[in-house]
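Features of the protein shown, as given by Swiss-Prot:
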type: ACT_SITE; residues: GLU74; note: active site
type: BINDING; residues: HIS73, HIS77; note: Zn(2+) binding site
type: DOMAIN; residues: 20-158; note: domain 'SprT-like'
Amino acid sequence: MDIELSYKAKQVMVDCISLAQQAFKRSFPIPSITFNVRGKAAGKAYLQLNQIRLNPILFRENPQAFLEEVIPHEVAHLITYQVYGRVRPHGKEWRGVMESVFGISANTTHRFEVTSVQGKTFEYRCGCMTYPLSIRRHNKVLRKEATYSCQKCHQPLNFTGVQLS
């Protein structure tokens, strides 16, 4: 991970913790931060570990959005857990931390271009359309651990033999 981006990420995280400490009038431990999330997820909060993990590829491609939205989003999960315990991940407590404490819209999903981090996909067909299945789902079909059906016609999806990406 780029040293400058890593530094900025840690600074945003510390700033969020500081805002939370002022709002809740108590101290919070500084979380650890790593850059090892893979796939389409931008970040993940590990509540019991007090740790934030970020996707390094998406971070490099979308640094401003990570600094302004993703990192506060993940810190809000940690703060919510430490203040309220186990509650719904994007429930009213988390939304309150995002909006009232951090002053940020409580968005639950990102809108980043994920082509660079998207895994292999395989074409499957039913009676009415085609579907791209992830490599994980494709492998489950090959190992006969799962079958998938169309949401419209309810027919089983069958592999066409085409790898899409």
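Glycine residues also receive a Cβ, built from the backbone N, Cα and C atoms like all the rest.
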Other CB atoms, at most 10 A from the CB of HIS77 (Zn(2+) binding site): 21
Sparsest Cβ surroundings (other CB atoms within 10 Å) among the recorded positions HIS73, GLU74: GLU74
Residue distribution over DSSP helix, strand and coil in the domain 'SprT-like' (20-158): 51 helix, 24 strand, 64 coil
